[in-house]
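Listed in Swiss-Prot for this protein:
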BINDING   T65, V66, G67, G68, T69, G70, K71, T72  ATP binding site
REGION    343-366  region 'Disordered'
COMPBIAS  356-366  compositional bias 'Basic and acidic residues'
Amino acid sequence: MSAPRHDLADFVTAQWQRRGWFAWLMLPFSLLFGLIARVRRYGYLHGWFKSTRLPMPVIVVGNVTVGGTGKTPAVIALAQALTEAGLRPGVVSRGYGVTLKHPRRVKPTSKASDVGDEPLLIARAADVPVWVFPDRALCAQTMLVSHPGVNVLLLDDGLQHYRLQRDFEIVMFDSRMGGNGLMLPAGPLREPLSRPRDATLINDPNFRATPERPDVYGMRLDLDEAWQLNDPTMARPVSAFAGRRVLAAAGIGNPERFFASLRGAGLSPKTLPLPDHYDFAEDPFAGNPDALDADVILITEKDAVKCERFDDPRIWVVPTTPVIDAGLIDKIRRAVLARVPAAKSTPASGGATGLNKEHQDGQPAA
């Protein structure tokens, strides 16, 4: 993304956090977008449009807002939890930023430029089958041919992909929540905050679940030991970089979340926010004064899969461990285990209509 486009994106993102002149100027278009979103969901729910039912439970992790909220680490954590429960999960994702002519399996040795950065990170971290293709229903069916043992599907960032029916929907937010609460383009919402869902997951270390909102859960990302990009066997605690001249760079949906976690570990980094899914085709550190002056450059795991060609011993990767409220993990396990026996005996079917079921009333994330 060029600098002017990046600046425009930053401007719009900032406007989405308030109800200023920009929001009111865009409001007529926002009302139209909201109407289209509601009609589209209603159409799939009531069988106006064709959708596909898979012979297994489908769990969707997505968001009603534009931008990253931590879906990838959530999918990794859920895949690991389902595996520990004795299930055999598979993951289907779009493959953002890559051109695909047919469904493609993501292997730990794949290139991010071929399959996308987030699917590659999931494949490496979760050790489960991961496939990518914009048509998630076709992608899932293709995956089942190659991996017939898969008995539960995780759909990464597929909340609005209604062509694939689902059994359990998780709507994610981060500390920005729903912004100004308005639909695109006046605000960040793809769908209303009141949209029904089975659970709300908030990626914010300061969030605490309460009995008053029983289906709203929290997630935090704990920093692990950093490892050197050129030599992953070299590892040290992030706190070991305190007192050093540090540049932190992040090409994720909310770079400030990464920077804040480093400050919480005792670092005082210079920061380099990059566009989400930045491809690193151009070296952002070359000629950057803060990078030239830095003793250490810290990047995210998501960015690391695109930086493997860089030969710079100053670059260290900061992995995170997602920690999700146990209540949500237990709820998903129960829901999936209750459906797996039926799923095993049910033949695959394409072309069914309607969503699998009505979800319970959603919790407004405000």
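These residue numbers are counts, starting from 1, taken along the chain as shown.
Each residue, glycine too, has its Cβ placed from N, Cα and C.
Given the structure is predicted, the values throughout are model-derived calculations rather than measurements.
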Among all the protein chains here, how many other CB atoms are within 10 A of the CB of K71 (ATP binding site)? 22
Count, for each of the binding-site residues G67, G68, G70, the other C-beta atoms lying within 10 angstroms of its own C-beta, and report the residue with the smallest count. G67
Starting from each candidate's C-beta and looking 10 angstroms out, tell me which of the binding-site residues T65, T69, T72 has the most other C-beta atoms. T69
Can you name the residues of this chain that are 6 or more positions from V66 (ATP binding site) yet have a C-beta less than 8 Å from its C-beta? W16, L184, P188, L189, R190
Using the Cβ center of T65, V66, G67, G68, T69, G70, K71, T72 as the ATP site position, which other residues in that chain lie within 8 Å, going by their Cβ? N63, D157, M172, D174, G253, N254
